[in-house]
């Protein structure tokens, strides 16, 4: 019974923790501009993150070590450094976007300008990381993030023509004034949002924090294969809400207020309150994960003591990295840069860094020295390679498309 | 090989500089109109939801404040265009007026909501609908 409860809790946490500011903004933006014509990208992205997160979970359960630690050992310091730089910069950019998201959610609820909330948000992230147990912080914000299910309820309440939505979802092409370049650009952004590098680093380091062993493989796999796809459904619900309300009206999503507006239209003030708490939890939880991931990657590459399973004094350099990243995020946002635009760029740059993040994982998951009998089989490797090819194409096309489409305009 | 690349680059430059100025202005007008229409319709939805007690006033104020910034951006982006023919000058003036009307309506809503005057905000709904429709028509001028 205790085990079933643990697995259920893990799944619920994974669903709630799946959506972050990148998913919120990108799915709503894409739904408003392309309807459900890009829903297939979410499906492809979710399958990809499930595939590679499962590999990470297996590596951790079998070796007891996080993936980044093994990447440096297996591929050498130079390749490890390249992976570190690419993944760290993208994770830092994502952290900036998440802190901005927390402040924007608070602004929407209170009417107080987000720049005033932002230092408080960064401080609160640090305080929670410093004081709260790893499992507690993961569960609390993951479960509160489940409130975003309100998007699915709102979608039903908006009373869409389901046949029309399905019709759109099965026809992957640009519509109206949009062209193929913009379609491809946002497709890559959506793919980047679903497969953000920090997710696998956090997942694997979290496995070490929670002391996963071979026995925990079931928990890890259920989190991945049940939790993540259900989280993907939340992403589709956000896209669907925007497709139903905004696409016919010609409204483009450019602010967090617009992301939440369909829920208010469908469910009123109560729905708005729930969605704002959900957005706050999702972005705050993701801010915790990205801040921790910044510390994890650098500390694991450098071979420092890391993690929340030891006292902060024993992992002082790990905590200093987190504090420095939070200060950098705060200073960047204080320049009054638009957090939503930072989010849009962060998911595109995440796509650029994807092959550098996922190739080493594929290599380590095939090494019997680390995973013993649990190394990848031929099917997993074949699908893994197909995804690697996809990730490489997305990575190479992201920047040229950003220039051609003027950032998706 | 170098010569071929140089010729290709030169051709692209010449062709781009020879683009029809009227067409260029139509494209810019359509883009700005679509951007502004998006903000006007967002404002309209916010006021309608506020009237239906579906939205808090501070959230509506926030959404409308953001929409106002968006309309300003679209207006200033279009006003930086340089009409060079009689046709494009006429279009420029017509689009500028429509964008100005949209901005005036959205600003009026923002001020009304700031003063807690929902009736004044509701009075702008007709202007918002008219602006949205006008901008929608201009948005269809080009892809």
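The first residue you see is number 1, and the count goes up from there.
Glycine too: its Cβ is placed from the backbone N, Cα and C atoms.
Unlike curated entries, TrEMBL annotations are predicted automatically.
These figures come from a predicted structure and were not determined experimentally.
According to TrEMBL:
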type: TRANSMEM; residues: A:40-61; note: transmembrane segment
type: TRANSMEM; residues: A:81-106; note: transmembrane segment
type: TRANSMEM; residues: A:112-129; note: transmembrane segment
type: TRANSMEM; residues: A:141-160; note: transmembrane segment
type: TRANSMEM; residues: A:180-203; note: transmembrane segment
type: TRANSMEM; residues: A:224-251; note: transmembrane segment
type: TRANSMEM; residues: A:271-298; note: transmembrane segment
type: TRANSMEM; residues: A:318-337; note: transmembrane segment
type: TRANSMEM; residues: A:343-365; note: transmembrane segment
type: TRANSMEM; residues: A:385-404; note: transmembrane segment
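Scored on C-beta pairs under 8 angstroms, the neighbour of the transmembrane segment (A:81-106) with the top count among A:40-61, A:343-365, A:385-404 is A:343-365. Here the transmembrane segment (A:112-129) sits against the transmembrane segment (A:318-337); at least 3 CB pairs are under 8 Å, leaving out pairs fewer than 6 apart in sequence. Between the transmembrane segment (A:40-61) and the transmembrane segment (A:343-365), three or more CB pairs separated by 6 or more residues in sequence fall under 8 Å, so the two stretches touch.
Listed by sequence, the residues of this chain that lie at least six past the ends of the transmembrane segment (A:141-160) yet keep a Cβ under 8 A from its Cβ atoms are 12-19, 233-234, 237-238, 240-241, 243-245, 262-263, 265-267, 271, 274-275, 277-282, 284-285, 288. Residues 20, 22-23, 26-27, 29-30, 33-34, 37-38, 41-42, 44-46, 48-49, 52-53, 56-57, 66-68, 86-87, 90-91, 94, 173-174, 232, 235, 289-290, 292-293, 296-297, 344, 347-351, 353-354, 357-358, 361, 390-391, 394, 397-398, 401-402, 404-405, 408 of the same chain lie 6+ residues outside the transmembrane segment (A:180-203) yet bring a C-beta within less than 8 angstroms of a C-beta in it. Through the fold, the transmembrane segment (A:318-337) approaches residues 92, 95-96, 99-100, 103, 115, 118-119, 122, 125-126, 129-130, 291-292, 294-296, 298-299, 304-307, 312 of its own chain, all at least 6 residues removed from its boundaries and within a Cβ separation under 8 Å.
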